[in-house]
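Feature annotation from Swiss-Prot assigns active site, proton acceptor to Asp164. Here Swiss-Prot flags Ile50, Gly51, Cys52, Gly53, Asn54, Phe55, Gly56, Glu57, Leu58, Lys73 as ATP binding site, drawing on sequence analysis. Feature annotation from Swiss-Prot assigns compositional bias 'Basic and acidic residues' to 1-13, 351-360. Marked as compositional bias 'Low complexity' by Swiss-Prot: 368-381. Taken from Swiss-Prot, the feature domain 'Protein kinase' covers 44-315. What Swiss-Prot lists as phosphoserine is Ser344. Annotation source Swiss-Prot lists region 'Disordered' at 1-36, 351-381.
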Amino acid sequence: MDHPSREKDERQRTTKPMAQRSAHCSRPSGSSSSSGVLMVGPNFRVGKKIGCGNFGELRLGKNLYTNEYVAIKLEPIKSRAPQLHLEYRFYKQLGSAGEGLPQVYYFGPCGKYNAMVLELLGPSLEDLFDLCDRTFTLKTVLMIAIQLLSRMEYVHSKNLIYRDVKPENFLIGRQGNKKEHVIHIIDFGLAKEYIDPETKKHIPYREHKSLTGTARYMSINTHLGKEQSRRDDLEALGHMFMYFLRGSLPWQGLKADTLKERYQKIGDTKRNTPIEALCENFPEEMATYLRYVRRLDFFEKPDYEYLRTLFTDLFEKKGYTFDYAYDWVGRPIPTPVGSVHVDSGASAITRESHTHRDRPSQQQPLRNQFSSSTNQTSNLK
């Protein structure tokens, strides 16, 4: 299948957030080029590689003025499908007011690369799922779901659809940080404006679109080649919630001779799996959620509050306390910066969004601190 080219406080810091390029990419005076010390912008030192993807590399970095660790995404300027600048533009469009979005500190050229410097976060939900023996309790899933509905509502309020729901793209904050309990959304490399910036109208309904996203979680309509809109992000979230509760989804592990055939099998199995069967032995609210989002019209604005209330009412009915005592709390979490615990955020970037998978992930732990890829494609997970 062809991969479409995209349509596409904690502390005060000395650098302005979202500072755009000033063509800084240098080696600090006193350090020889052979030392491998590289600077991005006026004060970000580039450190070890902590991930990679089709877009380039993810590096651990350090703000030499504040001594804070950061994540640095490097994309070759001559990339065949450059997307880092577009992702930066989407981060600017989202702004810094929304909860659960990484801070972006800098964007600019760096030698043969474009570089984006972001807040270093903790591990991804996929990493934590592995840590918890690949099953989350209902309480943990509901705390995740309630937050992610708010994240997606915020993204949609900024005229963007996300189009890349997968556990690797949702990260907790760094351990010891006041935001360590917050579920963050990262990697806007496949995002798209669903409101035309010129006409201010919703994009038109189209068919025969190439797949964009991760096959395991994408909506049924995406498999059918239909243009994505807000409803598809919410359906993909529903599939991910059931993945966390069940441990796997019925359309995982399907074999086929070609990627196109495998996508077809995944879509067919998804369509032929009744919601009742998918959600069997779990609270009815999970099935109600999926029925609602699958019935939404292409242009329709979802009732986010109704969906959140489904889950908050269930949460209260079960007698849970929203104390952020997730299943992974108390378990040791590896980190890319040695003793600085959960910076695990520095998980590796496996934006397989550009390599296709449909089997249990076999990446090293902490795959997705900023798993942004730069190509758009569907991930067979």
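Cβ atoms here come from the backbone N, Cα and C positions, even for glycine.
The Cβ neighbour count for Gly56 (ATP binding site), using a 10 Å radius over every protein chain in view, is 23. The Cβ neighbour count for Ile50 (ATP binding site), using a 10 Å radius and every protein chain shown, is 27. Cβ neighbours within 10 Å of Leu58 (ATP binding site), excluding its own Cβ and spanning all shown chains: 28.
The predicted model assigns the domain 'Protein kinase' (44-315) a mean pLDDT of 96. Taking each of the recorded positions Cys52, Asp164 in turn and counting other Cβ atoms within 10 Å of its Cβ gives the largest count for Asp164. The distance from the Cα of Ile50 (ATP binding site) to the Cα of Asp164 (active site, proton acceptor) comes to 21 Å.
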